Amino acid sequence: MTVFSLVASHHDLDLDTVARLSAGATGVGPALPGSGAAGAVVLATCNRVEIYAEADGAGVEAARAGLLSAVAASTSLPDEDVHAAFRTLDADATARHLFEVGVGLDSAVVGEREIAGQVRRALTAAQEAGTASGPLVRLFESATRTAKDVGSHTALGAAGRSVVSVALDLAEELRGLTDAAAQRDFWAGATILLIGTGAYAGTTLAQLADRGATTVGVHSASGRAEQFVADRGGWALALGGEAVAGAVAEADVIIGSSGGERQISPERLQELREGGRRPLTVVDLALSRDFDPAVADLPDVDLITLESVRLAAPEQAQVAVAEARALVDDAVEEYRAAQRGRSADAAIKALRRHTLGVLDRELERVRARHGCTAAAEEVEFALRRMVNQLLHEPSVRAKRLAAEGRLDRYEDALEAVFGIEAPGRPASEVGTVEAACPAHEDEGGAARIA
């Protein structure tokens, strides 16, 4: 089995296309059984949709086709367009890519902190849906550990830059607020409406609080506003549907984070504003857009989108980026070594099976001649303990050689010395050698045959 990934992101596609692919990726889980893949985890953020999957080595292309056909079936995009939108990464490239994504090196805002949580939640969602295979779990857990290491040992992201912070910085710039005092005065006096409780809503509310905002209304079409506000200190105001029109009319800033199917049109926004000329800043953080881009043409309305954020994102210090990349390099090599070590399982099991076969045949002869006498049981106990001890060092060496990329030497030795051909399939967990008869502990705590 091998791990691979299908990647579509802001590097290659416009965000509208990414949004449509992201919506289609919800079809991956239900389609998994017939896709040819043994497992899948979908990572969808504001600027990427990526499918991490596991399949038999010879079946990767078939699994790729099956997964992307599931995406296409859940979108209005032609099948061939969906297939062309995704790049395919092999196992080694997949690990490096996910680790770089998880630490924020591949983000529109380099070093952003939200992405690590999104990687973690993607794995959790796949585990709850039953689509995360063991190798995918290990891959994502390694990526999460790497993100923590980068956060602890480098200055990447130390400035707290994120999609939300850059968007709010842009809002300040558009209003000509150049000094800290003016910026804080603006947020303290501004009336703000947050629409939706989507991916960036929690971070947005926290950022607004940090900047001194005091008047924030939150509306959720799905009715989650009250719980959302309560979970975050209760300082904002949850708004029902009947209060939204008035909130829009009074707002200085409206922030969209719902990702719903319907967009607010220029006509509807103008109607809700009651034709007023009060300056309004609209920040659209929804990947699928909460606002029609044409609202930017309305008088006294400034529109900030995810594309605006991408273009305005500041560059991280080169030293911090270099340090983060070095940690990613180390983490990728550690992950690869661990995977190579696991590749020794089949050879270890083959040696154990061969050795136990010899032992069991000899024990059958002993039992046939002497039955379960005390002497025979003592012999069996001693031989099984000896076999466990003899197999320990070869098993350790197999893992070590595999981690060093030299497993072929071990397999050649097995074939040359014992005539064992290691099976080319994943091995189940290999335990200790068990006795054929019940066992109990003697007075010194050692197991003995009953």
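Keep in mind that glycine also has a Cβ here, set from the backbone N, Cα and C atoms.
It should be emphasised that the depicted structure is a prediction, and the values quoted were computed from it without experimental measurement.
Annotated features, as they stand in Swiss-Prot:
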type	residues	note
BINDING	T45, C46, N47, R48, S107, E112, R113, E114, Q118	substrate binding site
ACT_SITE	C46	active site, nucleophile
SITE	H97	site 'Important for activity'
BINDING	G196, T197, G198, A199, Y200, A201	NADP(+) binding site
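Taking the mean position of the Cβ atoms of G196, T197, G198, A199, Y200, A201 as the NADP(+) site, the remaining residues of that chain whose Cβ falls within 8 Å of it are G202, T204, S257, S258, G259, L285, A286. Ranked by CA distance from N47 (substrate binding site), the recorded positions H97, G196, T197, A199 have A199 at the top as the closest. Relative to Q118 (substrate binding site), the recorded positions with Cα atoms inside 10 Å are A199, the candidates having been H97, G196, T197, G198, A199, A201. Under the DSSP three-state reduction, H97 (site 'Important for activity') is assigned to helix. Considering other CB atoms within 10 Å as the measure, the emptiest surroundings among the binding-site residues T45, N47, Q118 are those of Q118. Close to Y200 (NADP(+) binding site) in the fold, though at least 6 residues off in sequence, lie C46, E114, V163, V164, S257, L285, each with a CB less than 8 Å from its CB.
The recorded positions shown are H97, G196, T197, G198, A199; of these, the one with its CA atom nearest the CA of T45 (substrate binding site) is A199. Cα of R113 (substrate binding site) to Cα of A201 (NADP(+) binding site): a distance of 14 Å.
Following the DSSP three-state reduction, the secondary structure of T45 (substrate binding site) is strand. Across the structure, A199 (NADP(+) binding site) and S107 (substrate binding site) place their CA atoms 15 angstrom apart.
Comment: substrate site residues T45, C46, N47, R48, S107, E112, R113, E114, Q118; largest CA to CA distance 15 Å, whole number. In the structure as shown, the Cβ atom of C46 (active site, nucleophile) sits within 10 Å of 28 other Cβ atoms. The binding-site residues examined here are A199, A201; by Cβ neighbour count within 10 Å, the least packed of them is A199. When the neighbouring Cβ atoms lying within 10 Å are counted for each of the binding-site residues (G196, G198), the highest count belongs to G196.
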